[in-house]
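Asks: Here it is, the structure, as structure tokens.
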């Protein structure tokens, strides 16, 4: 017999049971064959739950971008299984499961910001009124309301990247995949965008996969940090962050933050030692 | 202002060289005429003059230099002669006159524009096919290149004869020759332009599961515009050349080509030169017009130039 309190304990646990959104099992990806074969991903096992903010960090060639591209069905794994929302990555893409943000904003220069954000909506066949509504909504979300009618070259790099995030948000996918989105921006702009991204994440409850080179960025943003190492590309360590969801910028001076950053750095160093 | 001045300097230089060149080119004709008129020239016989060479004649007969710029049928007409002829045959002649360059120009222009339209349409279609189909890429492109290695002057009569034998004559054969020259730059430019989007832009569309048609209309076609216009400018000039060449072998009665041909039959060099200049001016106008369209379109596409 269970006591009342024990049952309640179970119930409580049941409500926080994590829902896996992305699940990789023994994922392998080999480019080329024979002597020229490159093992881009080797035996990658990872589960990303709903609402997670997962950063992938590691040196060049560790497969972090490749893994993100596998989730997006831009690369085809050569072995293992990968499911997104319980579907294959291809099906998930058809079902508009994710928005993808590239390293460069990649806005079409011949379209205004609003029209750039409309691009996925046009392709996905939303009607005109709905397009307008969503564009206005996401422009507000990234604080670019005043810039809808501007052309990309009229905006700074940081604003362009925000517009590209708005574009990825426009069709309201549950998953946001970001491949070093702030890599090309300067430190101050990057801090600001990191802060905004966290707020956006808190408001929208999306699951985010985030590739980065920067340890502070990974630690500041993530609930889960995946440290990867190269040749062959693989997961070296997965660090769950104990930091609270509410994170002001100065959390980066706290002892906890420094402790996690230290662990990430150690992990990166150990991963490199295999070379 | 600075560019205007430098352009003017170059033009003045060319005209200067041109006037100078008229002296040795025309001196023999001037002396022959002077001898017939009873003047004393050195040397006295036409044969001796032929052996002496142009520079020797100029040195020996400096009195005749003043006349080299006003010969009736010069070997090399002076710039002002060409300019006057141009003025008389465009502004002063009625457009319906067979001697009006406007009349001839409009005949050539219609063949040029039709040929340009055919060539551009064909070029764009081929480029779209080449970009989207590996088979077309491998099969069409080599032929397109080979087609341009055949001298058009050799091909033009054949095209005209073949088309005539199946009952096609008039504007269309000329337009086809014009199209033959103008489709190639369009194919090359459009293939390059349609392939100009980078991997990231293509991947972005892939993440939206966009189909090929959407990729074409929303990404490839807009990206190709600057390339297209560069090609169109080459294409329309080539088209004009094609139309003129197409007028030569038929003994056409109208058009710049006919004008050139008639000029060469009757030794009317002034007429040949003015037809050449008229063709060049027409080509410049057409290219400039395309430039205007390009600027308008690219400005609408948010590109500042």
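Cβ coordinates are placed from backbone N, Cα and C, and glycine is handled just like the others.
What TrEMBL records for this protein is below:
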type: DOMAIN; residues: B:101-294; note: domain 'ABC transmembrane type-1'
type: TRANSMEM; residues: B:7-27; note: transmembrane segment
type: TRANSMEM; residues: B:107-131; note: transmembrane segment
type: TRANSMEM; residues: B:143-166; note: transmembrane segment
type: TRANSMEM; residues: B:172-191; note: transmembrane segment
type: TRANSMEM; residues: B:227-252; note: transmembrane segment
type: TRANSMEM; residues: B:272-293; note: transmembrane segment
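Just tell me what is around each of these and how deep it sits.
Replies: Under 8 Å from some Cβ of the transmembrane segment (B:7-27) lie the Cβ atoms of residues 54-55, 57-58, 61, 64-65, 68-69, 71, 74-79, all in the same chain and six or more residues away from its ends.
Only residues 6 or more beyond the boundaries of the transmembrane segment (B:143-166), in the same chain, are considered here, and those with a CB under 8 A from a CB of the stretch are 126, 172-173, 176-177, 180-181, 183-184, 187-188, 241-242, 245-246, 248-250.
If one looks beyond the transmembrane segment (B:172-191) by at least 6 residues along the same chain, the residues whose Cβ comes under 8 Å of a Cβ in the stretch are 111-112, 114-116, 118-120, 122-124, 126-128, 130-131, 141, 144, 147-148, 152, 155-156, 159-160, 163-164, 224, 227-228, 230-232, 234-236, 238-243, 245-247, 250, 252, 255.
If one looks beyond the transmembrane segment (B:272-293) by at least 6 residues along the same chain, the residues whose Cβ comes under 8 Å of a Cβ in the stretch are 77, 82, 85-86, 89-90, 101, 104-105, 108-109, 112, 229, 232-233, 236-237, 240, 244, 256, 259-260, 263-264.
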Asks: What same-chain residues lie close to the transmembrane segment (B:107-131): Cβ under 8 Å, and 6 or more beyond its ends?
Replies: 137, 140-141, 144, 171-172, 174-187, 189-191, 193-195, 216, 220, 228, 231-232, 235-236, 239-240, 242-244, 246-247, 254-258, 279, 282, 286
